[in-house]
């Protein structure tokens, strides 16, 4: 009886390790070609996955799989890959990426970055834009179902913010309203600030 209990306890302790190993295996087989090893890509076309909150990644991967995430790059790159993922695969990947250390870019335009920091932390009440940090965290780290924006490539962030102008990401209703108050210069500034966080 004691042997059985010890065996079960050993399994419980080993499960997170096994899940992480399975996530790493899926990363190597399916994801790293575009998102880089461990979810740290140098391509501005694809998002950084390292450090993303697991609940956010789970929602996104399921959205790709069920085709409710319909932006152009989702269709081009993720619909096919995600169609092969089971719920368990998605859980393993999300857990793996959440545990990876995120990258941080650099500021290439100080004035833009300062404006972006102001918008991110204070918002623009006159344009109906709330502070980004009120949802995305003090430095864009994200939490729960809210994505990490810190360290994402500037070009990727700009493209995603512009996607919210349309209805290609219907699950992100709050963002559809927020972007209406942002000019192209505001979007550029926010992206410049966030890539270095």
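Cβ coordinates are placed from backbone N, Cα and C, and glycine is handled just like the others.
In TrEMBL, annotation is done automatically, which means it is predicted and not curated.
Heme c 1 binds 31, 34, 35 as TrEMBL records it, and from the list 78, 124 the residue named for this site is 78. Straight-line distance linking the Cα atoms of residue 78 (heme c 1 binding site) and residue 136 (heme c 2 binding site), rounded to a whole number, equals 24 Å. On the backbone, the CA of residue 34 (heme c 1 binding site) and the CA of residue 136 (heme c 2 binding site) stand 25 Å apart. Neighbours of the heme c 1 site: apart from 31, 34, 35, 78, residues of the same chain with C-beta atoms within 8 angstroms of the site's C-beta centroid are 30, 32, 33, 46, 49, 77, 81. Summed and averaged per residue, pLDDT over the domain 'Cytochrome c' (18-101) gives 94.
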